[in-house]
Amino acid sequence: MAVYSVATGALAPVLSKLSALLGDEHLDLAERTRSDAMFIRSQLEAVHSLLLPRISWGMTGEEVDALCKDELMAEVRELSYDMDDAIDEFFLEEPMAGGDGGPFDELKTRVEDVSKRFSDSRRWRPPVEQHQPSLTAATVDCPPPHARFVHNMMDVSELVEMDKQHEKELIKLLEQGADTSIYASRWRIATPWHDKEQSTVVKVPEREWGFPDNRNSPFIWASDSFERLRSGSLCGDTLRLDGEGANIRKLLSTLRNKVGRAQLVQVEDKRKRVEEATKPCEFHEVKTICILGLPGAGKTTLAKLLYSHHSTTEQQFQHRAFVSLSPGANLTDTLTDILLQVGAYNDDATPYCGTGTPHQQYLIDNISAYLIGKKYLIIIDDVWHWEEWEVIRKSIPKNDLGSRIIMTTRLNSIAEKCRNDDMDAFVYETEALDYVDAWLLCDKVARKSVTCMNINPCYDIVDMCYGMPLALIRVSSALAEEIQALDSDERQIWRALRRVEDGILDIPSLKPLAESLCLGYDHLPLYLRTLLLCCSVYHWLDGGIVQRGRLVTRWIAEGFVSEEKAAEGYFDELVGRGWMKHRGLNEYEIHPMMLAILRYKSKEYNFVTCLGTGSDTCTSASLSYSSPTMAIRRLCLQRGYPMKCFSSMDVSHTRSLVILGDVIGVPLDMFKRLRVLDLEDNIGIEDSHLKKICEQLESLRLLKYLGLKGTRITKLPQEIQKLKQLEILYVRSTGIEELPWEIGELKQLRTLDVRNTRISELPSQIGELKHLRTLDVSNMWNISELPSQIGELKHLQTLDVRNTSVRELPSQIGELKHLRTLDVRNTGVRELPWQAGQISGSLHVHTDDSDEGMRLPEGVCEDLIKGIPKAELAKCSEVLSINIVDRLGSPPIGIFKVIGLHKSIPKLIKDHFNVLSSLDIRRYNKLEEDDHEFLANNMPNLQMLVLRFEAPQREPIIINRTGFQMLERFLVESRVPRITFQEGAMPKLKHLEFKFYAGPPSKDPIGITHLKSLQKVVFRCSKWYKSDNPGIKAAIDVVKKEARQHPNRPISLLITEGDKEVPNIEAHGSSENIVVVHAAPDDAISCSSCGRTSTSIQEGTVRDRIPAMDLFWPEFNSYEKAKRN
């Protein structure tokens, strides 16, 4: 599916729609219209063919940026959007313009003009391949610019003082190493500068409080901004709060939302500064340190400080090198840089005698050979690509001489991979400065610009810079004097800050900061730029908070991504690149300075127009958006923007309207081509507003997305049926109590989200939504069942019923052939209809917190169902289901379960279900011979079998070499496991499991030595009859004895009691020195120096790790050997 782009606008979708218009479905198209459409398509295809190679074939970040800003390219985008509007309106048979001419007459002329200008322009001709300049031998005699880095360091004195704590911590890592044996301990967030407990003083004009009858309101509002609010006082206009873990930014944002004005007066620490306490550890020394942080957070500064720290102590490191990379770095130059700085070119053993460009492998081999026996410090600054780092890493040999490698990066994905792939790596994450430190730094810089400060401008600047040192320094020096001159004119102060936000690249003093931030933006591929620019609607006053689900869905509605799975992947990619940081649940945050870059870029490309707090309304209203080449395509309104300005604005071409905050009175009738209307969390929206929205058919006939989450609506009006093109409807977290039957009229609906509402049942008309892909009814305890019509949703991919009162699902669920995700967590659903086996190949069922979900067993297909007589088909649901939740939790794969207690296998199962891949059956008594024969030889696909016996077994079940040829998992539940395996039995069995209660002791052999493929034996004991019961203990002893003789040593033994694993784990690898290992949660390996501990077997992974570990006691106590095995 063609998608929209920040560079080409709607060009690709328009070409796709024109092809559809000229297809067989529109054979009755008027001749003139068909002729115009063919002409326009041919002209636009020519333009697209010139653009596509440049976009697809390795354009640099700067070239893509120039492409987006190009005047002719801007005309192409605007033309494509107008063309897109015209085609959509034509499909609806409601063209906007009347007259005798064709619907595309005006656009035809514009298309012809733009196409001609494109073809005549030299700029858009196919690019000529350029070769990298060669590196001559003379390069070796003249060190490149990076080699002179140490002698040309920029003055970082402003940051040095603020980073002393981080410097001390990293120096200890360099000199002493740290514990890398524990996976989690190899990622440390920078030590905080202050302890948690603080006293915060906020000043708000008394007239603004507005709560004479309730003086507790400010304390209630403030409580969410503290981990623990201990006390507070309100005296006049001064609010004093004492507590732990204060989030100052959130506190000020909350108070400003409630009362309009709030200024921080003072923050006092009530405890001493936290002392750094890193001690050397006896496990491993850190070989590699990865410093992770946002641009401007001080990564490079820390690296420079470390490099300088050792500049006078040459005996510590024999050789040093500091190399800075860029997104498009030349690796050959980088390796040459390292070679020169460490002095390898002076070594007689590795002379360079070639001419031209040295081969990378030559450089790698020579650097490695030179450093192999030496103590070195290598710093690689600003790593962008993991592949580049791997090449550099190959040239730097590891040794035991105390050498260190330091890399800095802004990409979370690289830091994660560094820790995962290198056991000797340590990730050191530099966090933003806390509010107090940020204020101190800002105040220090501001006082250099303003000698006498009547008011302190730092509070607003600190809010905006959010702890980024470089931003604090640059913005403080740029704005302190201006804000001081404005005295207490709050509106003008906001405008000054807004100028930084909207024009960060235009202010000379902010250029170093802007360039650093733009590096990350220029590094993004085009599709990620498009998606990221959608975030420019968010504002730093609201914390830059991004709701993941809201943003992803809007991407899809806007046409930037076609599939939800792809959109989720792109979101994760942006997180991995450091643009967003996970905050909690579904919330992420973007740093205000990054938002400023996005705002600027968005304005440059005319991508999103943002109007709201701090805007100059006169300027905003008079922008040349009425120009035919610069229409408002996407509009975001934020609190504080006056509605009267709409009278001078043309929003008839606006495709998307996002409203953040309580903005009401928007004249929606002025929006003629709206596709996206996002009103989420706007508490000013009530039932009357929604009804009016639905009645404005003229304005909203193209509407695809309607977001009403968190509004005050209590019902969906009947007029909702007028939104015929609606594809996404979000009404979650509202007060609606029912879905009207008119919901069935929304034939194009793809996503329906009604979670966390008061709805008690779904109407049968839900089955008319033939294009529905996502249905979310979670968090609604009033819902107890789903209608059978749900089986008519043939394209449904996601069904979420978690946290509801649903206990069973309709059998029609098996007809949902495209269902991919079924979430039944925290419901009464324990089994699925057997018909669900039809979708076993694609469906993942979520019954617990596992991300992967459970797969369903195979065996049921459409042909099987057709072969069952109708008279018997209904009875099948009485004897067969799919078990997804066992008393012991969720199995890794569902299993077909014979419902009830039986004396023999039901006839229906034998007649129609011999093709099943699994079976779970509960019997009164022993397994009769004919049933044994059926299971062993008449179920050729059987891979998992569960036999449960109510009565004690007097004689053992004999399993011989015939039958069960495909069985891999076998579970027997009885009082005692009376079963014997003969030679050659169950040749593919890997997992054998017993669940028993109590019975007389027996030393009869079980015969597990005959199970040639066996890997694991599990004993599950009832919580009433534990493993020390004589009968159970005797059976376990028999298995232990046979395990010693099994050719597949080691065989893993796992014992559980009740619903939990017990600390009895034994892996049998020989007949000598067999002991039971007690791996209790408290048992851990402890470092005598630092006291850190490491559990030998991590919780949740014991099942996977046991088979690969030989856990004899001497080895168990050695972390190193356990890790190697």
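Cβ coordinates are placed from backbone N, Cα and C, and glycine is handled just like the others.
On a predicted model such as this, the values are computed, not experimentally measured, just so you know.
In Swiss-Prot this protein carries:
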{"type": "DOMAIN", "residues": "282-564", "note": "domain 'NB-ARC'"}
{"type": "REGION", "residues": "1-273", "note": "region 'Structured coiled coil (CC) domain'"}
{"type": "REPEAT", "residues": "651-673", "note": "repeat 'LRR 1'"}
{"type": "REPEAT", "residues": "676-700", "note": "repeat 'LRR 2'"}
{"type": "REPEAT", "residues": "701-723", "note": "repeat 'LRR 3'"}
{"type": "REPEAT", "residues": "725-746", "note": "repeat 'LRR 4'"}
{"type": "REPEAT", "residues": "747-769", "note": "repeat 'LRR 5'"}
{"type": "REPEAT", "residues": "771-793", "note": "repeat 'LRR 6'"}
{"type": "REPEAT", "residues": "794-816", "note": "repeat 'LRR 7'"}
{"type": "REPEAT", "residues": "818-841", "note": "repeat 'LRR 8'"}
{"type": "REPEAT", "residues": "873-898", "note": "repeat 'LRR 8'"}
{"type": "REPEAT", "residues": "939-966", "note": "repeat 'LRR 9'"}
{"type": "REPEAT", "residues": "989-1013", "note": "repeat 'LRR 10'"}
Tertiary contacts of the repeat 'LRR 5' (747-769), as residues 6+ beyond its ends and Cβ separation under 8 Å: 553, 704, 709, 724-741, 775-780, 782-787, 789-793, 800
Counts by DSSP class (helix H/G/I, strand E/B, coil) across the repeat 'LRR 3' (701-723): 5 helix, 3 strand, 15 coil
Stretch with greatest number of CB pairs under 8 Å, the repeat 'LRR 8' (873-898) reference, 725-746, 771-793, 818-841 candidates: 818-841
Average pLDDT across the repeat 'LRR 6' (771-793), rounded to a whole number: 94
Helix, strand and coil counts within the repeat 'LRR 6' (771-793) (DSSP): 5 helix, 4 strand, 14 coil
